[in-house]
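A.B. asks: One structure follows; several queries about it will come next.
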Amino acid sequence: MTVVEKIVALRAAMEAERADGVYVPSSDPHMTEYLPARWRCRAWLSGFTGSAGTLCVTREAAALWTDGRYFIQAERQLEGSGITLMRMAQPGVPTVEEWLADRMPAGGTLALDGACTSVSVVESLEKALAEKRAVLRDHDFVSALWQEGRPPIPATEAWLLEPSRAGLSAGEKLHILRERLARQNANAMLVCRLDSVAWLLNLRADDVEYNPFALAYCLVEPKGAHLFIDTSRVPAGVQTVLEAQGVTLHPYGNIRDFLAAAETPMALLYEPAGTSWTLLRALRQNRAVTLSAGKDPIQLLKAVKDETEMAGQKEAHRRDGAAMVRFEMELRRRMETGEGWTEFAASNYLTSLRMAQKDCLGASFETIAAYGANAAMMHYAPMEDTCAELEPRGFLLVDSGGQYRDGTTDITRTYALGPLTDEEREAYTLVLKCHIAAARAVFKAGSAGMHIDILARETLWRRGLDYRCGTGHGVGFVGVIHEGPQGLSAKNDTPFEPGMTVTDEPGIYEEGKLGVRIENELLCVPVCETEYGAFYGFEPFTYCPIDTRPLKLELMTREELEWLDRYHAAVLRELGAYLNKEEGAWLEKACAPVAR
């Protein structure tokens, strides 16, 4: 079926069921960022494959909302579908709620899949449609249409992080969580987010592409915990360890009935943004449970890495950096010899280098290998039959990362493949200045990402430039690539603490021309403490040379060049033991002090 045919079939089903609208988010039962193929309903129905987007269909209209990372991609993929692209946060563009409030008839019915729609989204929709007296109905239209070729629910073998890598046992983490819950006047919690379940129980699997997670829920009670998972894929040894930590296993599909019938009196905390409407309604049936809504405390607990976790993260970055060095060496060789290479082939080669590293589980997200104008699409992914051929001029942007048994990596480098225009060199230099501004920041305790984000953007703002995304995000430990609650963006109000990590990835994107991004991961560290309070800063722990060929040195300050030289000295120091003699000699040249 084409997208047009799918929308026609959906509207026929809507008419039969007397639904006036259908809301299709990009989510699964756990509100996961990277959806298992089973739940990519919005992509299947609309044809837009970006990771973020919301589709709404009424009897007469259809629209899809996505953010600035995907404007170019969405415009191309929605062409001819009859679906209107709504560019989020742009002047004159209505929000999803505003559009539905305008389009839905009085007393109408908006259908959605309650198992894959969060409580916070439902509450927002109910508020928006209150004046119309429209009602929300839990009805999964898409699953009824998507029968042929729909992937099954994934169920890979579960495994546990070794104590030497995890830092704390599941029992210790459960104890810490219960202490945090007490601060929120709760003694129980429904844990739905896969990254929270993974961290809490040291549980990993391969159910989600690019994320080492098992599809599972965890109900934490005052004196025990219940794990809902496909028990057939849990080895006996894993089950024994979990049970010894006070965790009882149940079939994955039993979660709803268990919540409705649990007899233990509980003051239970749930997170509206991470809990499905279906599960909340099950909890509301249970008179033994007193409910309170609040933030998932696990998100903050796991955001602050302990010494064991950070040692693993740094070790993973050393091996990852060695793979990146080998990739750049091959890239340079091909550009010098004229041997052909495509974006797709380059991406696959980098993946093979990572997979050759000790304890690599795979990529941490889909590699972006974008040549020339393709790099203007922030989340461009090369396809074998349509990708660009690399030429010995212009830029190649490569944004990639790996999942390892001791850490998770995320790195972007933009490589000059040959001669550059003055515009390209200036763009690259400005981006590096932005990157260094964030990396060099020193800030008082209590400062949040919104404050540091300004420092990163100032160089561009002075020239009337900007980028339509955040400057950086947290990164999990053998976990999710986009971790919160901390981050570098205009709206992030979570204060930084020592042990938090964040990416530093400003960029310039000019449609039809170029894209430049430079990204390292940073660790928040103490700087000093005086009578005025504690002050923090950042320490890079991504170890890979930054291309200095494109730099317009006259635009850089002495302090910026000194920072770059210090960074490259650290790269040399950290990677030396992971490279052979030839690779080490190449790295010495790549990390040579910048000529003044």
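Numbers here mean position along the shown chain, with the first residue as 1.
Quick reminder: no glycine exception, Cβ is built from N, Cα and C everywhere.
Bear in mind that TrEMBL entries carry predicted annotations, made automatically and left uncurated.
Copying in the features that TrEMBL gives for the protein in this structure:
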DOMAIN    9-132  domain 'Creatinase N-terminal'
DOMAIN    314-524  domain 'Peptidase M24'
DOMAIN    535-594  domain 'Peptidase M24 C-terminal'
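On this model, are these features tucked inside or out on the surface, and what's nearby?
C.D. replies: Here the domain 'Creatinase N-terminal' (9-132) has, by DSSP, the following mix of helix, strand and coil residues: 50 helix, 23 strand, 51 coil.
Summed and averaged per residue, pLDDT over the domain 'Peptidase M24' (314-524) gives 98.
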A.B. asks: For the domain 'Peptidase M24 C-terminal' (535-594), how many residues does DSSP put in helix, in strand and in coil?
C.D. replies: 34 helix, 6 strand, 20 coil
